[in-house]
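Copied from Swiss-Prot, the annotated features are:
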{"type": "BINDING", "residues": "120, 184", "note": "Zn(2+) binding site"}
């Protein structure tokens, strides 16, 4: 599991993932679930397991083959290599989501293909470097032209530390990636509005543009 930062909308389902992956793993000696995130991740995981302590106890009491709490393996990073197993490498670099700090992005490489997960960030040099030449960049996007028209300042504040569609596309262009996969839309995309968002991205990026949603699948192949 990869966590870019510890905002609630990025970790709210953590408890369900920890418990469900544990209960539905029928291996005799299951390997720990690896979690990679920024500093603070171990504390959040520990607190989450504590919050679900009653549930964990119920399940151990109910199932004879569950005898210990969920096995978890937490790794905290701000930069550099984070994973090298089974032909998959993951590298981490800082992003800019201040005042949330630290925040990180991930570059995942396997079989010559590379995908970068930006998370929430404004444009920054470290993300450009992490994404350089990647086959795909998954980037969160917001419509600042819409959000700035909302009267509540607390809502407008989200423009401070997120990338607009055009900014995310410009990052993809500077980094020379093959495909931009947009995600984490603010406001939510209404039915039939997908092409509006794609057109905004196309003003800054001439490559393949995917309007991603949950469970959206994009095949990535090494570019020659």
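Note: Cβ is positioned from N, Cα and C throughout, glycine not excepted.
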Residue 184 (Zn(2+) binding site) has how many other Cβ neighbours within 10 Å of its own Cβ?
18
By the DSSP assignment reduced to helix, strand and coil, which category contains residue 120 (Zn(2+) binding site)?
coil
